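Sharing the record's features from Swiss-Prot:
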BINDING   Gly78, Phe83, Ala129, Glu130, Arg148  S-adenosyl-L-methionine binding site
Amino acid sequence: MEFFNILQSACNDVNLDFNDKKYNQLISYKNLIQEWNKKINLTAIVEDDEIIKKHFIDCIKIFKSSPIGEAKSLIDIGTGAGFPGIPIKILKEDIEITLLDSLQKRINFLNTVIGELQLKNIQCLHGRAEDYAQEIQHRQKYDIAVSRAVANLAVLSEFCIPFVEKGGYFIAMKGPSVEEEITAATKSIEILGGKIEDIIKIDIEDTDLKHNLVIIKKVKETGKRYPRKPGIIKKNPLK
């Protein structure tokens, strides 16, 4: 009951309904992470309490950003072990989710989670964001792109903004010190058709984690040349 109460409290804070079904799905997800993490490297966070607080509650906090609540479609880029895409799907069943990752082993894990939890309207893509963002069925097709991946904001923006339709949002889940990244990325975000709309500070209760949600609105279409070819984005971020 302790974990149920912790998760319910976090959901209450962002006006989300929470029930036994959602709780059981999250616990099953936690168990699968712990089981698969013995075979492949999914996360360094493996204890029950830490997975609940540092992964699940961190993902719940993304609902502090108003665009998530109204979104019909979302792509999670560089999803890794499924964060934040799978918790978002569990907590908001009516949203269509696409999980994108470059490692086949992680895709195998994610498909197992989707099957075990009987999640609907959720798909996995194996490959690079740079490639999928040029495909007509994915380019500028999503209400929301989100990423919790470790990369600077200028790089993440070029990976993610091309997936977002005009009027949609890219939400970057960043660490505590984001001001310099934002300053360095402002021009690249503008080039890609985005505009920083909000920065939401996030505290994770009973942990030392302090995060920021950078909310970027897509105000114009992304030019056809973006994203650039694989390898170029990280070597030469837009400035």
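Yeah, the Cβs are placed from backbone N, Cα and C, and that goes for glycine too.
What you see is a predicted model, and the numbers here were worked out from it, not measured in a lab.
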Which of Gly78, Phe83, Ala129, Glu130, Arg148 has the fewest nearby Cβ atoms, counting only those within 10 Å, among these binding-site residues?
Glu130
Over the residue list Gly78, Phe83, Ala129, Glu130, Arg148, recorded for S-adenosyl-L-methionine, what is the maximum interresidue Cα distance in Å?
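Of all Cα pairs among the recorded S-adenosyl-L-methionine binders, the widest measures 20 Å.
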Taking DSSP as the reference, which of helix, strand or coil describes Glu130 (S-adenosyl-L-methionine binding site)?
helix
